[in-house]
């Protein structure tokens, strides 16, 4: 848009306002005004193709006859077609002082403002030209305040720029003054189309204006032309001329006022010089007159000369003089060049006009008064399958139109000529190319200069798709109306089949459900017109393999003539038996399965259109959806009934709160949940009086948050009933909102959860008691471990030392060895009890690292070598697995195989055998098989072999534990294997047939062990002492302290003893030490705490010596600074290994 001139105070004030307004003071930005993106979301109005055709034909006629008024006709068309209140065309005028848009044509409310201007750089037209594309603005006055001075408000403004060969020229715009008018995508299409006419009109008017100017210049040139007269005396070769002639050539003259011909020839442009001389010579020789246009090169530039001459002969007939005139035709030549350019431009515009007409999908054509075609665009020629030369001069009759069709058009042409008015109609048509459809057409008179109808212009649009769509939409509405009230699936199918048959004019419509093989189908119902019912059970491949393939591929299967379709070779008898000549069959796939289908049949051949195929698919889907609706409604009804029962049975209260009025509506159960009678009044205010004071603020916050953040209300709070008792209520609800986002109501349920809360409190109490009990058990087990191990410690230390003392006689060493073994057995029993307790209570800690199974097996076999040697049992190790690396706790893995090998040694007789093999099993598992030749197991024993405290029947038969132990080793081994994501199973063929234990563990891909250990264990070697090392020995158990001091003295250590933490601290204040050997449980403190302090103050390290052997004890010792942890009772070999860490 763009307004001003001097015709009114309104326009003058708006002009000044527009040119003085600064965009920086606007209330909003331009981007907020532009709402072009909304066009895609608005529902487009139904196009009026008839009115649009009439307008386009009229504009085409005006363009060819009166292009100067085309702009006005165009804005009037825009006003009408878009339903706008104002429309206009603005032209960009570029001046030296200012650049503006002038309203070249206006219509509607702004009609009186034609000629107004607005600045180029601050106007809606300037914005749309800058963008280069269509724009829609809402209330542009927010950014362009001067628009408020117009007589009518501008609620919406739709603008489209147009160009002249890529250069912006102006805009076409339409305005909505009424707030209820909103432009849509259809309006945008219309205005864009009209902008193309504006471009053509602009180019045509400019071309005519240029042609007129050139003509005027040509006339002026002819009037102002300068003539010169000359004479060439051939014999003397002297050329004489008047002043005009000399002025045109500017040649140097002699005293007689002449010059040779050559001097004049040299002035002529080189491009024409040779040809000019040739023609002069030809005239001299033949006596013919001379005439030629050529250029002369003068000091002030180039000029065009028209030269004419006549030969003068003597009495003998010889040419002796050449007399003539010259004319300066420079202006004429310029005008001719310009005219040629304009002619080219006219030809280009004509070609554009033809291209525009041929680029549209509509048909454009022209008749003469006798009904003969004189023009048809490419789209129409394509339908006829002819060229333009083949149709020019021919009538509809001669082009093969049906008789009735050709006669009708001839009558219509005569009527247009007689009435001088357009005529419109709609007709079906099939062209020579086989294209058929329904067409809307309009014939419009074209008037000559005498005002009579010279030609009849026609446009035709294919409305087949629109007509089919309208008919389809009406049918689908009818189908929905007919099936909506139905509640039975069979009735829905029958109604759908009948309506579809009648609409498509077919003989049968059938509906079938498909079985699981997606081939067999049950045709459960059909509607028939003139054919028998074919309800029954069939297979799709009975109607051809292609039929089955397309059904399974979710594609429509279409046959137009079963008699000739090559796909039906071998199955035509099926079509004949069912009276099917033409068919559309569509599948229904739901959740990836072919579940149903629908088909329409004709007893005659039929060419089905894509729209008809799509319609059958739509009806099939709607039929399914209708049946699903019925099913869902039944399920919904059942669900509602179930919900009612659930609410009543579950004692759920239902409530609703109207937020604007704070009106609370409650069910009887809801009131009961607050201690109120069903018939009592219960308002929102009453509710708050029942909320426990501790929970009121929390409830208010939850309600506010649910409304503000649109989240569910979910809260538990206390209530105080009228009788004073306290109860708990669970409330859940959701808020609902109006269209503008205003919260309207809260709806939800309530439940009395007092009993649950009481149960939760009781459960919490019981849990706390259980935790206390568990903690007491831990303390008891730790104390039990300590109290059982501590007395054994000095015994084992002295026994293990004495058993290898070469100074003692053999019988004494044997006695000490027996003592050592029994003490170690007692210690193992304690370990097994603690391990089993940790496993059962879920407190077993697995510290995984990369470990080689083969290394572990070798280590376990070495540790138990004495057990096998004493019974002369052969131990064979076949470690054949190509990969043996697993992720496991090294200590626990060693414990597993120690238990299995110890069990094998225990139950294998003297001189028996034990075989250990490894191999790779399937699925990345490593299998270890430990097989013995021992006692074996019965089937009943195999069932309980991994149970804790289980012994075989061989033990219970005599009422004594013949082999000793508590029956925990295998139970612990299995639990440890499963903790490593493995399995342990037992196999035996029976008593005295040996047993096998198979361990399966996940094996790693790598073959590198990369084994790491949390605490280093020194290699076993002969102890060579550490003479002179200073040891602080802290131990409260005097026998143990004395035994350790004696053993350390023998190994040449300087030992200072302490029985308490206080004594230890006093000792370190008096003397320096190299390391510490300390008990953990001390009378006045904790050994780990003492170690941490000594490490912090003196940098000491130590050996933990304790009766606390659980995993958490070991971890605590490591953290305190102990580098080794020896669990009582301690063997002398273990002590020496630990001492070796301090060498």
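Placed from the backbone N, Cα and C atoms, the Cβ positions cover glycine too.
Look at TrEMBL and you will find 1-13 tagged as compositional bias 'Basic and acidic residues'.
Taken from TrEMBL, the feature domain 'PAS' covers 356-420 (among others).
Positions annotated as domain 'PAS' by TrEMBL: 639-710 (among others).
What TrEMBL lists as domain 'PAC' is 713-765.
Taken from TrEMBL, the feature domain 'Histidine kinase' applies to 783-1005. Mean predicted confidence for the domain 'Histidine kinase' (783-1005): the pLDDT average there is 80.
Annotation source TrEMBL lists domain 'Response regulatory' at 1030-1143. Here the domain 'Response regulatory' (1030-1143) has, by DSSP, the following mix of helix, strand and coil residues: 56 helix, 29 strand, 29 coil.
Residue 1079 (4-aspartylphosphate) has a Cβ environment of 26 other Cβ atoms inside 10 Å. Annotation comment: TrEMBL describes 1079 as 4-aspartylphosphate.
Under the heading region 'Disordered', TrEMBL lists 1-20.
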Query: What is the three-state DSSP composition of the domain 'PAC' (713-765), stated as helix, strand and coil residue counts?
result: 12 helix, 30 strand, 11 coil
